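Quick look at what Swiss-Prot annotates:
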MOD_RES   Thr2  N-acetylthreonine
REGION    281-937  region 'Disordered'
COMPBIAS  290-308  compositional bias 'Low complexity'
ACT_SITE  Thr292  active site, charge relay system
COMPBIAS  309-402  compositional bias 'Basic and acidic residues'
COILED    345-802  coiled coil
COMPBIAS  411-431  compositional bias 'Basic and acidic residues'
COMPBIAS  469-489  compositional bias 'Basic and acidic residues'
COMPBIAS  512-532  compositional bias 'Basic and acidic residues'
COMPBIAS  600-615  compositional bias 'Basic and acidic residues'
COMPBIAS  667-687  compositional bias 'Basic and acidic residues'
COMPBIAS  738-758  compositional bias 'Basic and acidic residues'
COMPBIAS  780-872  compositional bias 'Basic and acidic residues'
COMPBIAS  887-897  compositional bias 'Acidic residues'
COMPBIAS  898-924  compositional bias 'Low complexity'
COMPBIAS  925-937  compositional bias 'Basic residues'
Amino acid sequence: MTSSVSNLLTSDKETLSLRTWTPKVKPIATVTMIHGLGEHSGRYEHVFSRFAEQGIKVNAFDQRGHGISSGVRGHSPSLEQSLKDIQLIASTAETDVPHFIYGHSFGGCLALHYNLKKKDHHPAGCIVTSPLIKPAIKVSGVKLSMGNLLGGLMPSWTISNSIDPTLISKDSAVVNEYKQDKLVHNKISLGMAKWMLQRSEQLIDLAPQFDTPLLLVHANDDKITCPKASQQFYDRVPSTVDKTLKLWENMYHEVHNEFAKEEFVTYILEWIKERIENAKNESPSSNINTTTTSTTTTTTTTTSSPVVEESKPVVEESKPVVEESKPVVEESKPVVEESKPEPVVDDSKEKEEKERLEKEEAAAKLEKERLEKEEAERVAKEAEEKRIKDEKEAQENLEKQQQEAAAAAQAEKERLEKEEADKLEKERLEAEAAAAAQAEKERLEAEAAAAAQAEKERLEAEAAAAVQAEKERLEKEEADRLEKEKLEAEAAAATQAEKERLEAEAAAAAQAEKERLEKEETERLEKEKLEAEAAAAAQAEKEKLEAEAAAAAQAEKERLEAEAAAAAQAEKERLEAEAAAAAQAEKERLEAEAAAAAQAEKEEAERLEKEKLEAEAAAAQAEKERLEAEAAAAAQAEKERLEAEAAAAAQAEKEKLEAEAEAAAQAEKERLEKEEAERLEKEKLEAEAAAAQAEKERLEAEAAAAAQAEKEKLEAEAAAAQAEKERLEAEAAAAAQAEKERLEKEETERLEKERLEAEAAAAQAEKERLEAEAAAAAQAEKERLEAEAAAEKAAEETKVEEPVQEETKVEEPVQEEIKVEEPVQEETKVEEPVQEETKVEEPVQEETKVEEPVQEETKVEEPVQEETKVEESTTEQAKPTETENKEETEEGEEVDEASNTTTEQTTTNANQPKKPNNNNNNNKGKGKKGKGKGGRK
């Protein structure tokens, strides 16, 4: 079953190639696979086609900078970005079936970190093979320091990842395919190498936080990533977690590409299926993966101004006043024409004031723009100074880092030179020690050969002595026998015949025994010859192995040989003492027994005749046979014991020496292999140091060129900044001059304004004087009219209404004046200072009305109309004559009302609040009429 390829776009606009193996039936699980460093997802076709056949869907992607995905080859900016890429791929998995994370080598490191960090996307299981927790070969401190330094300066700069293709698998076909694969590379960036080593070693410390079902697979012969680190991580994962550790024998790094790959794939599939069944049993209806999306809602609140709304009722309330005065406007056209010149004057002032305000606003706007510009220029200048300062600090840091790198490289060079000198000294000392050991070895071998020869000669002498003693014993026995024969010659013929027979048998037995002993001696000599040959062969092998042994092994050998020699010497002395004691005891016993027997036989011969001699002869023969049998058995047993002990001791010594020689040879071999590995590592380090030195020189050259270019750039920018500074200073001087002129102009306007305010104050004083005169005249006129009215009322009560109608008609000019004053109201709104002066007059009216608080409360009920009347009287001031008369009459009426003592009038004003307004209007009309008559007079 083949795979399909598609593309996904990451958050930083990189393209990831996604390879998918889809089963023909509904998937029972999904797997997100993360490949290792330098390879790509296409190398797992034979593994995941088996997964798809078993109903498991697999999504494998080429990491950024790998395979056919985009990005710098061998570069990923950070662990977090790599985990985001994994999350992007994992989000494509089905959510209704169990989801597993599978990572190999460096991908295994990412898979473990993903399960530790992405708690909201908890998978059903995690499978990691040969994970990168620690490298199999420890990275040197020089490499780490150089990598950390250069990784911070040039994170995307790529170097070789030092992976040996021959160590990925023991299958040569896999190695050849790996070498010929064009999508495989051996690159890694300095920045990625830095964070990869740092974050991988953190996994052992983070292992107690791991809570996902785990299958950890590693090969014991892995030479790329460390199997012991996997064991440590596994041991630190809590025991409550479902975890499995599988260590494969006789395999290299890629366990899925070894000869037993089918067995490996079957093992993985069985583990996954078991976890699927567990997931079904635990929560058959729950989804394994859940994605949570957060939505943020932003609410914008708009607040409207209440000022406009509050002003609407005022406008509406003033409408009826205008409508009521419409008929009057038509009748009072001459009055309107007379008051036209006044609004023109007011319009010009309003226009001037408006222009002045516009100029002030424009000047304020220009000043604001100038200040904003100055602030922006100041901020830009500070930013530029900060940038120059930062660049200078960066340059200084770069130079400092380069100096530190140079110092580190120099220190590393000195350390390597010292190590080389130490190595030469060590080799010299080892050569001297080897020569001394060889000489000592030859001396000890000579001594051992001499001791062995002496021991051999001693044993041969002892054997010859034993044979000689046995021979002498037999000869003595033979002499005794002859003596007995002489004594027995006197015996009977039958006894003689029996005796001869017995002697013949004894001679035959002795001959047989002699031949047996000679045969055994021959066999012993042959055995010694074979043992000597074996010893010589062992000695030759021993010399060959010992030639490769180390000084330490030689010292151990010397100690063991000394102990063996001491033990052999002690054993030898013990055996010699025991043999001598046994021989002496046996000799004394035989002599004693022979003497006793001879004495007994002699006594028996003397005492007895022939029977005694026969009995003695029989007893002597029996004794002889017994003694011969005992002596033969004792000699044979002693001989066998000595031979067995000697053979066992020789065999034990031989095995001991062979074991020691083999151990020493193995130790020497391991030492030589270690020295060879150290030599290769040293050569590798020297080559890397040379490359690092070359890279350093290149970087220094580039840094110098960049520094020079940056310096020239900074000088050019400084010159530009100087020009900009001069330009800004010129603009600032021009702006300061303009500001100075503006301030002088404002000062002139302020003085003009103060002059106008002084004139307005004088006009106000004049107005108050005129108002006082008008009030006095109005009061006099009012008293006169009241007197006339009282007289008329007393004369004829029936004609009261006609004057009222006439008075109503007289009021029409007043309404006409109200209409004329509408444009003045608009002028009043513009001339805000005048309104303030009008408001100041209100306390004067209140002081006038202190005696009648009821009337003051009555006036509060209609504040809008009252304010309108105040504005009308205020804006008129001393302009239209009829308006001034109206205000003077109104104030006169108020003063008259305050001083009036008539109870009826006071009661009417208190109970009917609106009538005072009508009366005021009537009084105004009367005042105007009287004033008009006075004017005509």
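Keep in mind that glycine also has a Cβ here, set from the backbone N, Cα and C atoms.
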Q.
Just to confirm my parser: what is the rounded mean pLDDT across the coiled coil (345-802)?
A. 82
Q. Counting Cβ pairs under 8 Å that sit 6 or more residues apart, are there three or more between the compositional bias 'Basic and acidic residues' (600-615) and the compositional bias 'Basic and acidic residues' (469-489)?
A. yes
Q: Would you kindly check 469-489, 512-532, 667-687, 738-758 and say which stretch has the most C-beta pairs under 8 angstroms to the compositional bias 'Basic and acidic residues' (411-431)?
A: 667-687
Q.
On the three-state reduction of DSSP, what should I expect for Thr2 (N-acetylthreonine)?
A. coil
